[in-house]
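Peer 1: The structure is given below, and queries will be raised subsequently.
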Amino acid sequence: LSEPSTVLAFNLGNGAVPVEPVKKDENSRRGNWGNQIEFVLTSVGYAVGLGNVWRFPYLCYRNGGGAFMFPYFIMLVFCGIPLFFLELSFGQFTSLGCLGVWKVSPMFKGVGYGMMVVSTYIGIYYNVVICIAFYYFFMSMTNLLPWTYCNNPWNTPDCTGVMGTPRTNATFANVSAVVSGLTEIVNRTKRTSPSEEYWRNYVLNVSDGIGNFGEVRLPILGCLAVSWIVVFLCLIRGVKSSGKVVYFTATFPYVVLTILFIRGITLEGAISGIKYYLTPQWEKILDAKVWGDAASQIFYSLGCAWGGLITMASYNKFHNNCFRDSIIISVTNCGTSVYAGFVIFSILGFMANHLGVDVSEVADHGPGLAFVAYPEALTLLPISPLWSLLFFFMLILLGLGTQFCLLETLVTAVVDEIGTDWIMKNKTYVTLGVAIVGFLLGVPLTTQAGIYWLLLMDNYAASFSLVVVSCIMCICIMYVYGHKNYFKDVEMMLGFPPPLFFRICWRYVSPFIITFILIFTVIQYKPITYNDYVYPRWSLVIGFAMALSSVICIPIYALFKIAMSEGSTFLERLKNSVKPDPDWGPALQEHRKGRYATAGPESVEVCPLKEELKDEGKEKLKEKEMEKKDEMGLTIPGSNGSTLNPTPSA
């Protein structure tokens, strides 16, 4: 046949016999997305995660409300979108995961291993957060949310609920009166909400320190197993199955956000929360920390340097317009953060109004915002179990969208690295193995000390290292491989060169911003804490070790590659180790044109032969069609059961 990506089919409706192309994967050995919508939705689900719900709003009201938007969008334009486009084009050009793409300069393959280490850390603790959302989802299937009142065995004398006790018969209409009666208590002592005590004393049963693991919380362990099973089943056929699941997981959170937004803005005090969200405090815009937080939020929110963007793009068809996709996905991600801010600040304004405190004093960041502040707000809403179910279902879907890509990144890296036909056909077993290992490594995070380790991994394993990995990736592509070479590669793939703006950002602006984040992170370093708990020094050493474990892959592999390269001197070996691999370039021979046409010994013969076969195939196809019409006379059942004998054409 003339095209390897199509087959011929006969449409038997009403006797018509058109010859129609049925699309198949362009890369039959590795597979492609079913269609471009699946890739866009998967990438949106990957980029839009739990951080959009709690981290962005927290940074907004910590850094001047509306004033934070200004540096946020500047960082999006000059750093976020260019890096996003760079990684998508990098993976799509070679159709390889985060390890295979480093054929561009084999000495830098350690960057790919660093991405795998980062994705492993994030995948382990991210699924623990998802499993806690599963737990709250299951606990919301009741007439009365268990964290509504303070009359439970796990509550302490310090617990003060805004709903009073069940004996008060306080309704939604007189909640304000109940709260006003508690104003003196709130002002005199530090109030402990029932949702906070439910989270700390019942769900987690937190131990007294990171070194005291205590017992495994069996309900959390069970939910962790459920979470990993769901992820595995959705990825059982790779992108073929996950691409179908994202139609729901990537879109339904927007339905829930819209429902919560409509409900939120109708609550008493919601306007004060939205005003706080939008009113800029311009004096903070000169604070370097505000710019640093804006850059880091863009950087981490889009998922750059995790390896996931490269992996997802590697399943695209070669000529897909990934430039368009990068704009759509990046803008959608950041738009979701802003939209979620309206939802969240309307609820925070409602809570602040009922508690008699300022909006900035209502919520915390991190898991405390998702599992303490919001559950408490949900108890104040009519039909609170319904709103709780919707909210935590949204958290589950947001988390799963990111988790799909994290797991697929690891699986794809393993499969591409081994590269045998057996591993390609039995990719499901690799997915199962990675899921089982991820579950086992997540078990310690379900103990009584699990929250301490989760925050340690979040603050160290997936922060500093991401900045380093991304910076080295830019240096390798732009300055070692060469910006002119890469611009030509992108032009060959897309049909047009990268816009001038992106070329400038890739070479100068984005690396400068990344370096700024790195330096600022080091200068502003503060040891992490959890409420009043101060982490011991030995645990911080472990945190730094986790951060360095991904970065150290880069120099170790570089030294190994230099030692194994040909050459009599160090400089010769260094030069040979950074040269592109002979296999570098498009995965399919039909796309290897220009300087890639002579990249391999077979390509000189194969390329012209393929063009000849194309022409011959077309002629043979026409001859076969004429023979079938002239000699055979197809008999085809019509829609009414009769037979139709087409008349041979002249």
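A Cβ is built for glycine as well, from the same backbone N, Cα and C atoms used for every other residue.
Below are the features listed in TrEMBL for this protein:
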type: BINDING; residues: G45, A47, V48, N52, S301, N333, L398; note: Na(+) binding site
type: COMPBIAS; residues: 616-632; note: compositional bias 'Basic and acidic residues'
type: COMPBIAS; residues: 637-650; note: compositional bias 'Polar residues'
type: DISULFID; residues: C150-C159; note: disulfide bond
type: REGION; residues: 616-650; note: region 'Disordered'
type: TRANSMEM; residues: 69-90; note: transmembrane segment
type: TRANSMEM; residues: 111-138; note: transmembrane segment
type: TRANSMEM; residues: 218-239; note: transmembrane segment
type: TRANSMEM; residues: 251-278; note: transmembrane segment
type: TRANSMEM; residues: 298-315; note: transmembrane segment
type: TRANSMEM; residues: 327-352; note: transmembrane segment
type: TRANSMEM; residues: 386-407; note: transmembrane segment
type: TRANSMEM; residues: 428-454; note: transmembrane segment
type: TRANSMEM; residues: 460-481; note: transmembrane segment
type: TRANSMEM; residues: 501-525; note: transmembrane segment
type: TRANSMEM; residues: 537-560; note: transmembrane segment
Peer 1: Of the listed stretches (251-278, 327-352, 460-481, 501-525), which one yields the highest count of Cβ-Cβ distances below 8 Å with the transmembrane segment (386-407)?
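Peer 2: Most contacts with the transmembrane segment (386-407): 251-278.
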Peer 1: When you look at the transmembrane segment (501-525) alongside the transmembrane segment (251-278), do they share 3+ Cβ pairs under 8 Å, ignoring any pair fewer than 6 residues apart in sequence?
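Peer 2: These two stretches do not touch.
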Peer 1: What is the set of residues, excluding G45, A47, V48, N52, S301, N333, L398, whose C-beta falls within 8 angstroms of the centroid of the C-beta atoms at the Na(+) site?
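Peer 2: Apart from the listed residues, the neighbours are V44, Y46, G49, G51, T336, S337, G401, T402.
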Peer 1: Excluding near sequence neighbours, so keeping only residues 6 or more apart in the same chain, what lies with its CB under 8 A of G45 (Na(+) binding site)?
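Peer 2: When sequence neighbours closer than 6 are ignored, G45 (Na(+) binding site) has V246, T249, A250, L398, L400, G401, T402, F404, C405 within Cβ distance under 8 Å.
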Peer 1: Between A47, V48, C150, L398, which of the recorded positions has its C-beta surrounded by the fewest other C-beta atoms within 10 Å?
Peer 2: C150
Peer 1: What's the CA to CA span in angstrom from A47 (Na(+) binding site) over to C159 (disulfide bond)?
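Peer 2: About 38 Å separate the Cα atoms of these two residues.
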Peer 1: Look at every Cβ pair spanning the transmembrane segment (460-481) and the transmembrane segment (428-454), keep those 6 or more apart in sequence, and say whether at least 3 of them are under 8 Å.
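Peer 2: Not in contact, no.
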Peer 1: Tell me, please, if the transmembrane segment (327-352) and the transmembrane segment (428-454) are in contact, taking contact as 3+ Cβ pairs under 8 Å between residues separated by 6 or more positions?
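Peer 2: Judged by the Cβ rule, the two regions do not touch, with the required three close pairs absent.
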Peer 1: So for C159 (disulfide bond), how many other CB atoms are inside 10 Å of its CB?
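Peer 2: Result for C159 (disulfide bond): 20 other Cβ atoms within 10 Å.
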